């Protein structure tokens, strides 16, 4: 005994010296389960150590905790436990509840509680027996509490939660019933032709004025989810309508492609069976052009006539309101439209933000149209529509970095284009896909003239800022760099040695980066253009001059040369011998 008291004194002294007195123990709340048990919860006393043992004592009382009626039942929780359950059989009685914590001979008690078993009862989760649609915007639920936990549904309060299965947030309805029947409810003001998930929970509402620790009886667990689809109704709005215009052919016709957007589930209100497209000339009745489940219809129409088109969506209940679009005749109508200034800026690698001033006239809708540049015949265009109350739009569909997009905005008033504007932009500039092809135009003995191609628009990756020509002469250790404006596509390298090699490459740069081209080696000539030709010409002319001079000299000296080369031979017929008579000889 003395040893135990000594240990207690030592423990209290150490706790007092360290300033860590045990906190007060408190029952947070208790919950009773029908004909099963009472479970109580508390916060463990951390300053008493993890080896603390908690004991819960529950005694059934006579009256409002005036006298013990039954035996005390207990349970224990160790190793920092924070809950413990004691089995009970009768919840229609008051219970005295005590909690103690013990560690190394130190015992701490929580304030005693006196509660009625039914004031803290947690009912079992309701069971939903029926969940079915009875209208396009309503559905019907029926449920019950399992077993005999409540004598009447009037003793309970209910919470009903439901949500569109495509969403995450729940909508809630609180409900108390006014007649003793299976629980039921008509949930209305929901969307047509929509799948809903539904669940129910209950809370006991018996009229007892007993003290309750921690508030009112707790809610039951949620019932299992049930699913119901509401009935369809006619589409609430017509599809957004737009067009793509072709060029006039030799017969005065053009292809007009009418395009429309699918309705959202909240707009379609049912399964769309098809779309009806009607066309109307001025002063004539509308004609059905096509009924199709597709999202476009191609027509060959006279280019010089105005047409008004109407499209409606049809489901199993009925047709949507029509959407109207006026297509004016070709030939200068665009010049009559009011200009709409547009500002565009990148909003991400795959998005562009458009902004424009809101017009003063009552615009009904905006149409955005965009596509890659350069524009090619028959290219696919993307488009979107937006209500007229907003002066900006974020385009995220079919946008890629490094591609230049042409963007157009049209304002429509009663289906007719009133104003339009266009611009172009990159969502993000990237380094050019390649450098331009570099080639020598002329090569001299000390100079080289270079040129390079204009990169195709789809290979630039952004707005070209400059070109840099790098060249290294034979014998140099480093390249010489020359930065040129993006409008320049040629350069002359000077100061080279004859019959030498120069290495050249080009770099093209934009705001997204730069790209180097391959290295080109060029050999200069040993002489410039014309030098060899001039020398050859001089030699030829000199030779010809000498030859000509020699020929003239020969002609001039002809007689003299003849005298020496061919001496004259006397003609005997012209000599005196022809008339000479010999003298008579004397023998």
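In case you wondered, yes, glycine gets a Cβ from its N, Cα and C as well.
Model, not experiment: these values are computed from the prediction.
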Looking at 511-533, 534-556, which one is transmembrane segment according to TrEMBL?
534-556
If one takes Cβ-Cβ under 8 Å and requires six or more residues beyond its ends, the residues near the transmembrane segment (534-556) are none
Helix, strand and coil totals (DSSP H, G, I; E, B; other) for the domain 'Fibronectin type-III' (432-527)
3 helix, 47 strand, 46 coil
Summarise the model's confidence over the domain 'Fibronectin type-III' (432-527) as a mean pLDDT value.
94
Summarise the domain 'Fibronectin type-III' (125-233) by DSSP state, stating how many residues are helix, strand and coil.
3 helix, 51 strand, 55 coil
